[in-house]
Amino acid sequence: MKIGIGYDVHELTKGRNLIIGGVKIPYEKGLLGHSDADVLIHAIMDAIIGALGLGDIGKHFPDTDNKYKNIDSLLLLDEVYKILKSKGYKIQNLDGVIIAQRPKMAPYIEGMKKNIANILRSSLEDINIKATTEEGLGFTGREEGIASQVVVLLVKE
Ligand SMILES: Nc1ccn([C@@H]2O[C@H](COP(=O)(O)O)[C@@H](O)[C@H]2O)c(=O)n1
Ligand SMILES: C[C@@]1(CO)OP(=O)(O)OP(=O)(O)OC[C@H]1O
């Protein structure tokens with residue numbers, strides 16, 4: 001068994017799409033990044049890569065590489081799944097939180113879980129995604145950015 005943690009933050013800005021968990025969420029601002037800035041998927045990738053002892057996403061998908069410009073992070077998650085599989089592991093369970101003052105994530109959580117479970121070949125009940133505010137405090141409270149934290153447990157296939 002191997003456990004991993006992932007954490008990511010992206011800045012909220014006008015003129016970008018808000019994509020979280022592979023779901024496009026209607027909102028006045030989106031997340032800024034080299035990729036599509038999908039903060040949840042990035043935290044998931046870091047948790048899996050970390051559990052495998054293989055560094056972090058920046059090492060595997062450098063933000064200096066033009067081929068990752070505006071890339072759909074679900075495609076990167078699929079690459080991470082291939083690494084997971086090649087090491088002989090699968091997901092036991094995954095638990096993630098999106099930290100955002102706005103917008104409400106609740107209507108989009110099922111869609112996110114389906115995207116993640118589909119790519120990681122997991123059952124929906126082994127993937128839990130939730131959201132919280134930080135009660136108006138800090139950078140998420142000021143709606144300057146969105147954060148995500150994920151814990152994953154891997155087991156041998
Ligand atoms: N961006 C968010 C934040 C929260 N939720 C849901 O609201 C519940 C209450 O949040 P608090 O931060 O006030 O405790 C939370 O448990 C989520 O179900 C959300 O959907 N989107
Ligand atoms: C995902 C990558 C891909 O180039 O780009 P960013 O959108 O900058 O996201 P970040 O969370 O900073 O991780 C770095 C990169 O791996």
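First residue shown is number 1, and so on along the chain.
Every residue gets a Cβ built from N, Cα and C, even glycine.
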Besides Asp8, His10, which of His42, His60 does TrEMBL list for that divalent metal cation site?
His42
Reduced DSSP state (H/G/I helix, E/B strand, rest coil) at Phe61 (4-CDP-2-C-methyl-D-erythritol 2-phosphate binding site) is coil
Taking a cut-off of under 6 Å between Cβ and any atom of ligand 1, tell me which of the recorded positions Asp8, His42, Thr132, Thr133, Phe139 pass.
Thr132, Thr133
Consider only the recorded positions Asp8, His34, His42, Pro103, Thr132, Thr133: which of them have a Cβ under 6 Å from an atom of ligand 2? Write none if no residue does.
Asp8, His34, His42
On a C-alpha basis, identify the one among His10, His42, Thr133 that is nearest to Pro103 (4-CDP-2-C-methyl-D-erythritol 2-phosphate binding site); the candidates are the recorded positions.
Thr133
How many Å separate the Cα atoms of Thr133 (site 'Transition state stabilizer') and Phe139 (4-CDP-2-C-methyl-D-erythritol 2-phosphate binding site)?
11
For the recorded positions Ser35, Thr132, Thr133, the one whose C-beta sees the most other C-beta atoms within 10 angstroms:
Ser35
